[in-house]
């Protein structure tokens with residue numbers, strides 16, 4: 001699968017008008033292990049079940065993640081920094097475990113069975129979390145006046161046990177579901193290949209439909225009708241996600257596991273090290289592109305070429321080279337994900353220090369995440385229907401922007417998001433000082449709706465960066481490593497969340513020395529959250545500059561010839 005620039009000429013050369021084939025030609029099979037009939041399997045007819053699964057699963061996930069910091073501070077009685085660290089550490093783990101699921105999917109189980117098995121673990125975790133907020137003996141004690149007793153070890157164990165079972169469950173779903181959806185489109189069919197690009201847009205659209213319900217209705221239920229019900233509803237939707245996935249089984253196309261990608265990569269590294277003294281042949285016809293693929297005199301005399309830890313195939317070498325080329329582009333997602341992590345941490349805490357009343361209605365601060373998801377829901381069809389045709393006129397690229405260009409736009413917009421958050425905080429702190437609210441820490445009478453621009457801008461950044469990232473890692477990855485490369489893309493979310501935790505820790509350490517309040521104190525009115533947001537804006541700007549430099553040097557994977 002190649003770059004957008006390389007696909008367009010193939011389409012223009014008349015491939016779209018070629019005679020359609022009866023069976024998919026990309027190596028996929030149907031439920032019974034036979035070549036899949038195009039009329040009866042795959043394509044958009046199979047996608048509604050996958051999109052429904054993703055919508056319900058993301059509703060379940062964001063039903064927990066979106067307001068988790070509020071639960072930690074109001075029910076488990078943790079401080080702002082501690083709660084934010086716990087949220088970002090858990091979210092980071094949710095995006096680290098996909099490495100486990102990806103290896104299992106690519107090497108052993110295939111994407112379908114990996115999704116199925118880990119969905120069960122996910123559902124158990126959701127159920128445990130619901131019990132921890134519903135059963136009196138498992139619920140943390142309520143505050144008595146200003147005294148807030150700590151949760152017992154058993155209560156902590158039940159809550160965090162459920163939380164991290166969810167993190168493990170996501171590990172088998174997230175690296176596989178987008179790739180499994182893309183597998184429903186035959187790469188060797190130019191008609192289906194064009195449709196696949198649109199699939200990634202609507203896949204992300206489905207994610208945000210689920211997130212929209214979570215960040216609005218579920219947040220309100222959690223804060224007004226109880227956390228047991230607030231966690232129970234996402235649990236039910238996780239059950240619906242599993243049901244939707246299994247209902248589509250007869251229509252799916254399945255790609256067979258291709259062996260362990262980790263083993264193949266390791267073999268290239270080991271073989272290259274063993275043959276470090278050999279010379280690579282100059283004859284291009286030999287196709288020996290690396291020392292790992294060079295036949296030594298000893299191997300030639302013995303006639304034994306079976307040890308893959310000494311002699312690798314050219315394909316293996318090329319797979320590793322592709323991954324190395326992708327690394328600088330991959331790394332850009334870490335800072336971007338650290339910015340994205342603020343939506344469920346410091347944006348919520350900033351909102352709690354503002355006036356959350358809309359008339360007589362008390363708006364939960366986490367509900368502002370609705371504007372992020374609404375932004376995505378608005379931007380996806382705008383991008384698909386209007387921006388792509390317009391951009392195509394200027395770029396000559398069939399899909400409007402290449403994946404790399406699209407991600408670059410997202411990085412730029414993320415800088416604007418953090419700048420908007422910092423400006424709102426400057427206004428809030430100025431008003432707190434004018435009204436004498438610094439010492440009391442009372443919410444400042446400035447409407448929480450002032451946060452809408454930063455959420456809306458973040459949604460636009462997501463549409464450009466995250467969807468571009470999904471498509472980039474599917475198209476540019478080696479064919480047998482697509483789940484692994486999807487997991488590597490998700491790993492940037494994990495590292496971004498861990499980076500956010502690290503930055504919070506370092507900022508707290510350096511700004512609270514000598515008895516100072518620090519930038520992020522429990523009383524935000526006496527802190528400087530604006531400095532923290534400006535710091536992230538600066539890091540994002542540096543990240544964008546490094547990305548543009550790396551992107552200019554990136555060598556696209558060549559398109560598969562039909």
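Glycine is treated like the rest: Cβ placed from N, Cα and C.
The annotation transmembrane segment is assigned in TrEMBL to 112-131, 199-221, 227-247, 322-343, 363-383, 409-432, 452-474, 486-511, 531-552.
Listed by sequence, the residues of this chain that lie at least six past the ends of the transmembrane segment (227-247) yet keep a Cβ under 8 A from its Cβ atoms are 49-50, 52-57, 59-61, 63-64, 67, 71, 75, 115-116, 119-120, 122-123, 126-127, 129-130, 133-134, 210, 214, 218-219, 221. In this chain, the transmembrane segment (322-343) lies close to the transmembrane segment (452-474): three or more C-beta pairs between them fall below 8 angstroms, excluding pairs fewer than 6 positions apart. Here the transmembrane segment (363-383) has Cβ contacts under 8 Å with residues 62, 66-67, 69-70, 201-202, 204-205, 207-209, 211-212, 214-216, 219-220, 222-223, 343-344, 347-352, 354, 356-357, 400, 448, 451-452, 455-460, 462-464, 467 of the same chain, all six or more residues outside its ends. Beyond its flanks by at least six residues, the transmembrane segment (112-131) meets 53, 57, 60, 64, 101, 104-105, 138, 158-159, 161-173, 176-177, 180, 228, 231-232, 234-235, 238-239, 241-242, 245-246, 249, 252, 254, 483 of its own chain at Cβ-Cβ distances under 8 Å.
Most Cβ pairs under 8 Å with the transmembrane segment (531-552) belong to 409-432, among the candidate stretches 199-221, 409-432, 452-474, 486-511.
Long-range contacts of the transmembrane segment (452-474) within its own chain (CB-CB distance under 8 A, at least 6 residues past either end) are made by residues 1, 178-179, 182, 197, 200-201, 203-204, 208, 326, 329-330, 333, 336, 339-340, 343, 347, 368-369, 371-376, 378-380, 383, 401, 403-407, 409-411, 413-414, 416-418, 420-421, 424, 482, 485-486, 488-489, 492.
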